[in-house]
Structures are given as C-alpha cells and as structure tokens.
Amino acid sequence: MFKSLTIKSNKVKPREENDENKQDPDPSNQPQQSTRQGENKSENKSLQTKMTPVTFEESHAKMQDKISEKNSLRDLTTNPNHQHPTESKGAMSEQKEMETGKEGLVSPKSKPLGVPVINEYADAQLHNLVRRMRQRTMLYKKKLAEGDISSPEASPQTAKPTAVPSTQESNAKLKEEHYYHILCFKFQKMPLTEYLKRFRLPGSIDSYTDRLYLLWLLLVTIAYNWNCWLIPLRLVFPYQTPDNTHYWFITDITCDIIYLCDMLLIQPRLQFIKGGDIMVDSNELKRHYRSSTKFQLDVASVMPFDVFYLFFGFNPVFRMNRILKYTSFFEFNHHLESIMDKAYIYRVIRTTGYLLYTLHINACIYYWASDYEGIGSTKWVYNGEGNKYLRCYYWAVRTLITIGGLPEPQTSFEIVFQLLNFFSGVFVFSSLIGQMQDVIGAATANQNNFRISMDHTISYMNTYSIPKNVQNRVRTWYEYTWDSQRMLDESDLLCTLPVTMQLALTVDVNLSIISKVELFKGCDTQMIYDMLLRLKSTVYLPGDFVCKKGEIGKEMYIIKQGEVQVLGGSDGAQVLVTLKAGAVFGEISLLAGRGGNRRTANVIAHGFANLLTLDKKTLQEILVHYPDSEKLLMKKASVLLKKKAPATETTPPRKGLAFLFPPKQETPKIFKALLGGTGKAGLTRLLKLKREQTIQKTSENSEEGGGKRREYEDKEREPSEKILDSSECRANCIIAEEMPQSIRRAALPRGTTRQSLIISMAPSAEAGEEVLTIEVKEKAKQ
C-alpha cells in the first residue's frame, strides 16, 4: 500500500518527465512517440500562453479530472494485461493526445502534491470502468469517421416501391413522344393503344338503355334482311351468274362475320334479370345465353353448310339457314319503338314491309312454277317477256289482293297452285289489313277520345240552349288544350304509372317552378315532392278571370305557360303588373286565417294561360305529416301578411310649439263603457257612489253605537242629503239626456245612497258596444 502511495506521488512531476518514463516495448515506435511528445510540448506551450485566468473552483475541478486521467494511465502502464484486446495503437496515441491537450489547460504550478486513496479496490474498478468507456468511445468515433457504423437494432424492411410513379412517368413520356410539329404549331397524336381502349367491349351490356347496342342490332338486321330478301331471289331467278359470283360471295361472308360477332361477342354480354336482380357477372351471362333458345337459333343460323359448294356448286339453297336469326330482327323492332316519339309511324312502315315481303315470296314462287311448267308454255305462266321480277311481282299483287283479270289456269298443277295462292292471299292480306287498322287506331286513339268528349259537351250545351258566345269559348278551350298538350287531363296519363315514376316526371317538369315560391323555401324536400304530385293543370282562355277581388281564396296558382294581369285602381281596370311564366300568386290564401284569405285584386288571363293549382285542403292534408314545415310556413305567412298589410295613417306634422306637449292619449274602452258616454260628469258620479258605498260599510260595522249618535248623525246628514239629492237630480237629468235609449234604463234612481250597489257589464245588441248595469241590493229587514 505504501508503494502505491509513493507511485501516486510521482504523478506530481511534470508531463515531460512522466512521458519519458513511458516507453513502448517495441523500439520501432520510439521515434513516433518522441515526435508526438515534441508536438504535445509545443501545444502545451501555446495553450499556456493563450490561457485565460480562471477561478479557484474551475482550476480545482480540472485538476481532479487530470488526476483521474493520470491514475487510469498509470494502470495501463503498470498492468498491461488489463488492456482491451481490440484496442489499437492508433487509439492509444489519440488517447495520449487528448490527455496532453487537457494538461495544457492547467499550469504546473497549480497541480496538487497528492491525493490519498481510501479504497484501492474501488479505485481500481472505477479506473477500469473509465478506461473501457473511453476505449469504446474511441472505437465508435473511429467507425463514425470511416462511415461503417450501423445501428445495433434491426432496421425495418423497406417497402417495395410502388409502380404508380413509374407508370405516370411512362404515360408522360408516351404523351411527349406522340407530339408532332407542323410549321409553328404543335399537335398531339393519340397512340394506337388509346384508340383501341375506346373500342374495348364492356363486361356487361344493358340492352334497354345502351344506344350502341341498338346500332349493332341495326347492323345485324341489315344482314338478316339481305339474306331474307336475296336468298330466295338468287335461288329462283337467274340473277346469279358465274361472272358476278365473287360479289355475292364477298357479301355473304360479310353477313356471316356479323352473325358470328353477334353470337360470340355481343349476346354473351347482355344483362338479364333473375329474381328481381340485374345480373352482370360474365360467367353468369354466358351461362344464361347458352341455355336459351336464342343461342340454339343463332348456332343453327351460322352452320357452315356452305362447304357443300365444293360438291354441288355455288347454290344459294345452302344458305337458307341464315333466315333462322329472326330473334335479333324482332328485338331491334322492339327497342326502336320504345325510343321513338311517334312509334306508330314505324309500325305502319314495318307492316307495309311485311306485305311487300309476302308479295316478294309469292313472286318468287310464281316464277318457280312458271319455270317448272315451262316459260311461255301456257297463258297462265310467265311468258318470258320484259323484266322477270317486275312481271312476276305484278302477278303476285293482283293474285293476293284478289283483283282478278288474270288468265285462267289450264293444267291441274296450275289450278292447285292458284287455289292455294288465293287462300293464302286472303288470309295474309286480311291479317295485314287488320294489323294496319290496329296500328292506325292506336295512333289516333287519344284524338278520338278528344273528339268524343267534345261532341258530348256540344250536345249538352245545345240541349240546355247555352248562349253561342259561351259555346264558342268552350270549343276554343277544347281546341287549345288538345293542340298544346295532346290530352285533356294530364292526371289520366300519370295515374297508370307507379308513384315513383309519377314523382320522377313531376320533378323534372315542375320542380324548377315550385322552388321559386318564397313561401316554400326551407321546407322539407319530401313535402315539396308530395305537393308536386298534387298539382293540377288548368287552362284559362284570354280574358278569363283567374280570381276576383273579395272572393274567398282557396287555391295557389303557378304560371306554367302564358301571362296573367293584375288589375286595380279606382275603376278596377288598371293593369298593375303582368305576371309571366314561373310567377306565383295567391300563396298567402293557403295559410291565412279567417278574414285574411280574401282576394285583394282581380287577376285575368292576358292570353291562353296554363296554370298549376294547389288548393288549401290538399295542402292541409300534406302538412299533417310535416309539423316542422307547418310551423315554418305559418311564420312565413305571418311575415308576408305584415308586409302586404296596408300602412297605418300617419299623424300630420305639428306646427309651432305644439311639439312641446305630448299628444293626448285615447281613453280606454273599458272606461268609456263604465262612463256610459257622459264624460267627466259620469266619472264624478261614479266616484261619489264609491264613496257612499264605503260610508255604508262603516256604518253597518258600527251598529253597536248608541241611538243618540245615530240621531245626531241623521240630523247632520239631512241638509247634506238635500244638497246631494238636488245635485243628483240635476246629474241624472243630464245623463238621461246624453245617454242613448239603450243605456238610459241603467240610470240609478234617487235615494239609493245607503244601499249596496252591484255594477256589471253586458254586451249590447249593437256591434262593438257594451251596457253598464247597476243594481241596488235591498237591505235585509232586521
């Protein structure tokens, strides 16, 4: 222990001596250490010259740090076995440089002579801990300088880069690549892939609303009609020759391609309804199409019987199966009629086409029969002159329509053929004529109903001898109503539709008009929809009164078409304002109370006006289900009524010094009734009666007093009573003269000052008046 103390005392020596005692066992490192020691000496000298003066506490703390560093360095030199195996010579040299740098901050004169060690083991452990921490710090510093350090914790896995930026960059590059310049202008050319995306077929097709599908059906219908009309023609008439066979073949191949595309690409994508749900799944759509009869007919219509051309020649009979694709033709007719405004026109054209096609087939059969019998062999067959098709078609028209005038058949074949032709002609022609009648009748059904209604009305007016001017106005109303809306009552049309469809139609037609009404802004949307369903359309002729001044208002009017004029003025003929389409009037009458729902002006139709009306009863039925909207409407109605109320009369301006005196307030009505119209005299009389009642009450309470006191009071009151009686008599006379006959009976008689009075008021027979009644209560006899 003593040796350790003597060793520690050696640390008081200067830095240079201590460094000389430390020598590296490796002689090769001695020159390096000497050079470093020289550098440390020069640094210490420079630091000592530049050191600023410090306090005693700061110098003492620095000395303590230096002593601990010296102890750790002593352990390293005396116990080389405790050195960390991973420590390098470079780290030791850097540590020495740091220690020498710290020594330079303290002058040798300020170093303490020695510090006693209390516990050698604890001191050694602390020095060992400090040494290891410094070694580790130096190691990490070195790795940080080299850039090889990494966190001891596992770093999180980096997410895979998304392909969105790359695709966006690629799209931007593609767009830049497809720009081309012409002169000083820059144009963009869309790439081929963008064009192809436009023609990509959707996963499912709605056959009821998709117009592109309707165009496709038109193409399929054209191909179908080509086969229906020209296959029989080419089969019978000699119009297909070896010279033009390639043209017919190209057209046939085109029609077959259309058939195949429809069967493989379009039909398997058509949506259908299953259990009320619209099916859009591709597998389900394909399964449904393959299990339908339409698929079987489509497959039969594209069967490649054309291969028999190789064995039997180019004969159109092998293409007869193309006529089996009739389902697409009828589907096209159905969808086209559903989107046309006047579908009956197309129905007439289609029925006419059926008739022409029947005549076409009959003409082909007649030419085949003539060829079978021999052209020109008899008078009945075709003689071979003129255009073959036109002559045969003419014969078919005269035969089917049973016009007659044709040559008589000669052979049995001709007779049987003609009989069958007559029977089929009568059947086909009658059915087509009947169908044509149905089409035309359905197209004119509404007009027929209008004519029937108008005829019944005119018959009624003639029966009761209605004036001619009224009849003319009724006829005008019928004609204008039919010309404007093609029906007499719109509700008859809407009543056949469900409520949701009615609401959809009325919202599109009338919602923009009803939303302009200030009274209904802020109300429940569902309440507005219910109102739209209850609106009624009414047509007014020029000069008709929509409403008159003073009548009870029960309806609100919305101008749908036309104009109306509001009349007023002294004579009631001055046009105050002209209301046009979209204007609303009469809305206050729907919610006003008694006395506030009368019309304030005359409103007439300037021309033909179509108005939407909503009556008060209907609105009340609607508001039962919407209490919040009802409260809001009541508030708005009260505000609108106040705005439209007539302004109160303004008092004339005061002149002179009259503004210094406030205006005299009006006497309340109750006081006027009590006074009975006598003014101040009546008020004096009432006060006197009140005073007498109080005196009478006090006299009754003081009955215990002696009779002498009563006699004395009676004697004193006699002269006063005489004065009162005389004054009351004069007052009563004045009141009787001023009061009307109905109130004069209520005057009090004389000599009732000591009795109790009962004053009451009752309504008079005249409006706005009340009668004051005063009853005298008789005193009970003792």
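Cβ from N, Cα, C; glycine included.
The annotation 3',5'-cyclic GMP binding site is assigned in Swiss-Prot to Gly586, Glu587, Arg599, Thr600 on the grounds of similarity to another entry. Listed in sequence order, Cys547, Gly553, Glu555, Met556, Tyr557, Arg599 are the same-chain residues six or more apart from Gly586 (3',5'-cyclic GMP binding site) with CB atoms under 8 A from its CB.
What Swiss-Prot records for 13-25 (among others) is compositional bias 'Basic and acidic residues'.
The compositional bias 'Basic and acidic residues' annotation in Swiss-Prot covers 57-73 (among others).
Residues or ranges marked as compositional bias 'Basic and acidic residues' in Swiss-Prot: 705-724 (among others).
Per Swiss-Prot, region 'C-linker' is recorded for 445-521, and the stated evidence type is similarity to another entry. In the predicted model, the region 'C-linker' (445-521) shows an average pLDDT of 85.
When other Cβ atoms within 10 Å of the Cβ of Phe429 (site 'Central gate') are tallied across all protein chains shown, the result is 16. DSSP assigns Phe429 (site 'Central gate') to a helix in the three-state reduction. Marked as site 'Central gate' by Swiss-Prot: Phe429 (among others).
The Cβ neighbour count for Ile433 (site 'Central gate'), using a 10 Å radius and every protein chain shown, is 13. The site 'Central gate' feature in Swiss-Prot is assigned to Ile433 (among others); the stated evidence is similarity to another entry.
According to Swiss-Prot, the topological domain 'Cytoplasmic' annotation covers 1-213 (among others), on the basis of a curator's inference.
Listed by sequence, the residues of this chain that lie at least six past the ends of the topological domain 'Extracellular' (238-244) yet keep a Cβ under 8 A from its Cβ atoms are 314, 316, 388. For 238-244 (among others), the entry in Swiss-Prot reads topological domain 'Extracellular', with the evidence type a curator's inference.
Residues or ranges marked as topological domain 'Cytoplasmic' by Swiss-Prot: 266-294 (among others). Long-range neighbours of the topological domain 'Cytoplasmic' (266-294) within the same chain, counting only residues 6 or more positions beyond its ends whose Cβ lies under 8 Å from a Cβ of the stretch, are 201-207, 213, 216, 327.
According to Swiss-Prot, the feature topological domain 'Cytoplasmic' maps to 331-343 (among others), an assignment based on a curator's inference.
Counted with DSSP, the topological domain 'Extracellular' (367-388) comes out as 8 helix, 0 strand, 14 coil. Annotation comment: Swiss-Prot describes 367-388 (among others) as topological domain 'Extracellular'.
For 441-782 (among others), the entry in Swiss-Prot reads topological domain 'Cytoplasmic', with the evidence type a curator's inference.
What Swiss-Prot lists as transmembrane segment is 214-237 (among others).
Marked as transmembrane segment by Swiss-Prot: 245-265 (among others).
Per Swiss-Prot, transmembrane segment is recorded for 295-312 (among others), and the stated evidence type is similarity to another entry. Away from its own ends, the transmembrane segment (295-312) comes close to residues 252, 256, 259-260, 262-263, 267, 289, 318-319, 321-327 of its chain (Cβ-Cβ under 8 Å, at least six residues beyond either end).
Set side by side, the binding-site residues Glu587, Arg599, Thr600 differ in how many other CB atoms lie within 10 angstroms of their CB, and the most is found at Glu587.
Other than the site residues Gly586, Glu587, Arg599, Thr600, same-chain residues with C-beta atoms no more than 8 angstroms from the centre of those residues' C-beta atoms, the 3',5'-cyclic GMP site, are Cys547, Gly553, Phe585, Ile588, Ser589, Ala601. Rounded to a whole number, the distance between the Cα atoms of Ile433 (site 'Central gate') and Glu587 (3',5'-cyclic GMP binding site) is 56 Å. Against the transmembrane segment (389-415), the recorded stretches 245-265, 316-330, 344-366 differ in Cβ pairs under 8 Å, and the greatest number is found for 344-366.
Between the alpha carbons (Cα) of Ile433 (site 'Central gate') and Thr600 (3',5'-cyclic GMP binding site) lies a span of roughly 62 Å.
With respect to their backbone Cα atoms, Phe429 (site 'Central gate') and Thr600 (3',5'-cyclic GMP binding site) stand 68 Å from each other.
Same-chain residues lying 6+ beyond the ends of the topological domain 'Extracellular' (367-388) with a Cβ under 8 Å from its Cβ atoms: 236-238, 395, 406-411, 413-414, 417-418.
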